[in-house]
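Comments concern the structure below.
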Amino acid sequence: MQIDILTLFPEIALAPLSESIISRARQAGIVDIRAHNLRDWAKDKHRRTDDYLCGGGQGMLMLPGPLFDAIGELRKEDTKVILMTPQGKVFKQAVAAELSSDTHLLIVCGHYEGVDHRVIEELIDLELSIGDYVLTNGAIAAAVVTDSIVRLLPGALGDERSPEEESFSDPNLLEAPAYTKPADFRGLKVPDVLLSGHHAKIAEWKKQKALERTRANRPDLLD
Ligand code: ADE
């Protein structure tokens, strides 16, 4: 898989993707991740990529020119072009799973008040938001989306089973509480059932606790 990130802040996008599991996946050739500076497609001598809003309004908007040129150059036949924006469809595990079977993603990062709408109408296949809050720039959101997709690629996680057992996979419940050693930490005990070796009882306990946790923290998942 290839993922290109188009942003005014390539270092912000790449920093979280340069360590640990994602870094190893890149080294192993499971994914090819590149970040491109949108300013490289700016035309004027100030390398300008933004301007005032037509019809008034606060802040600045990203110009269509550099975005049309950059996307035109980076896009291939099989590319899905994604725009990171708080106005997008909310990114969920199911969306990550769907995107993990694409061959090429071009993730465009919004900045300032967003991008000229003609870019969205003409060039964007999917607008994505990582949640109902506003970040200073889309590069952070692009790194989040990239991380969650890459870890689903075959071979990216050492343990092939782990994506299936975690929260937001099927069933739609949060994970049960988990414990490691020691069994007694300063008088705080690991629940007996987890030390019992009784697999059916452990599975039942985990299901019950997952349900309790989901009810407390994410009742919306049970609707
Ligand atoms: N850019 C700013 N805020 C964002 C968000 N919540 N999701 C995606 N891109 C963004």
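Every residue, even glycine, has its Cβ placed from backbone N, Cα and C.
TrEMBL entries are annotated by machine, without manual review.
Since this is a predicted model, take the numbers as computed values, not measurements.
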Per TrEMBL, which of G110, G155 sits in the S-adenosyl-L-methionine site along with I130, G131, D132, Y133, V134, L135?
G110
Remaining residues near the recorded S-adenosyl-L-methionine site, that is with C-beta within 8 Å of the centroid of the site residues G110, I130, G131, D132, Y133, V134, L135
P86, S129, A141
Residues satisfying Cβ distance under 8 Å from D132 (S-adenosyl-L-methionine binding site), sequence separation of at least 6:
P86, V90
Least surrounded, by Cβ count within 10 Å, of the binding-site residues I130, V134, L135 is V134
Same-chain residues six or more away whose CB lies under 8 A from the CB of G131 (S-adenosyl-L-methionine binding site)?
V90, F91
